[in-house]
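Taken verbatim from Swiss-Prot:
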type: BINDING; residues: Gly177, Arg178, Ser179, Ser202; note: NADP(+) binding site
Amino acid sequence: MSIASITSTAQGSATVLDGKALAKQIEQQLRTRVDAIKAKTGRTPSLATILVGDDPASATYVRMKGNACKRVGMDSIRVEMPSVTTTAELMAKIYELNSSPDVHGILLQHPVPAHIDERACFEKIDLAKDVDGVTCLGFGRMAMQQSAYGSCTPQGIMHLLEQHNIELAGLEAVVVGRSAILGKPMAMMLLNANCTVTICHSRTQDLESHIKRADIIVGAVGVPELIKADWIKAGAVVIDAGFHPTDNGGVGDIELQGVENIASAYTPVPGGVGPMTINTLIRQTVDAAEKAAGLDNS
């Protein structure tokens with residue numbers, strides 16, 4: 001999809017970027033790869049998830065990731081630590097998982113209790129097992145277009161765009177949000193795809209004017225429906241990475257009502273970006289297991 005085709009898309013014909021359906025297709029491929037790893041090594045690819053404390057939302061996310069592992073035949077190693085865990089104790093657990101040949105990927109569930117130095121703990125994850133793309137070294141390698149596992153949500157978004165044959169080169173991209181795990185890596189991935197990228201955030205003046213010129217918009221700011229539908233220009237690609245529960249299910253960071261009559265393509269909420277985030281985590285863990293088994297062809 002070129003700039004010309006984006007700007008000329010007829011109203012009402014927007015493509016729904018269905019992350020749930022794509023993730024299901026990819027899982028079938030991953031199961032075949034997992035079986036091949038088992039056949040060669042006798043080991044089952046495994047993802048270790050570390051949950052510190054008893055936050056219900058975090059526990060739900062960890063359970064969802066464990067279920068995704070099971071669907072492709074992987075092992076899920078759930079490490080639960082009490083909320084009084086110290087930074088040193090958490091680092092010791094990460095070192096233990098780093099050294100285990102039975103662990104191929106490590107995920108430290110965000111957020112950890114406030115007294116723990118989360119960033120310092122992220123940095124202790126072995127780069128070869130950083131399948132959630134949280135280390136500074138991994139980010140730097142990704143930014144320089146070297147081999148690394150990308151942060152899962154932006155990497156999942158890029159895969160979703162690729163699978164729908166959306167050509168990004170030359171597009172004006174606006175990323176709303178600058179978090180270390182979403183906004184910043186998203187902007188860098190789009191830059192590496194030859195977009196002209198603007199990053200907007202809480203101090204941005206006149207957000208509307210930036211949105212109105214965007215060929216591709218990524219809502220990654222964590223504010224319900226901050227970006228209004230009438231700001232979106234005709235034919236834009238709309239990616240909503242937010243989710244905020246409501247009585248009717250949930251909304252994202254972008255007002256999606258009527259967007260099918262404006263955009264050329266958009267992600268639904270829910271069912272767009274979320275499934276691709278977890279799918280990317282599993283896919284990158286399988287990648288790591290293949291590398292450990294000498295099956296990587298890249």
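Using the three backbone atoms N, Cα and C, a Cβ is placed for every residue, glycine included.
All features noted in Swiss-Prot, drawn onto the structure.
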{"residue": "Gly177", "record": "NADP(+) binding site", "Cβ within 10 Å": "23"}
{"residue": "Arg178", "record": "NADP(+) binding site", "Cβ within 10 Å": "18"}
{"residue": "Ser179", "record": "NADP(+) binding site", "Cβ within 10 Å": "16"}
{"residue": "Ser202", "record": "NADP(+) binding site", "Cβ within 10 Å": "10"}
Looking only at Gly177, Arg178, Ser179, Ser202, the residues listed as binding NADP(+), what is the longest Cα to Cα distance in Å?
11
An 8 Å radius from the center of the Gly177, Arg178, Ser179, Ser202 Cβ atoms defines the neighbourhood of the NADP(+) site; name the other residues of that chain inside it, in order.
Val176, Leu182, Gly183, Ile199, His201, Ala220, Val221, Gly222
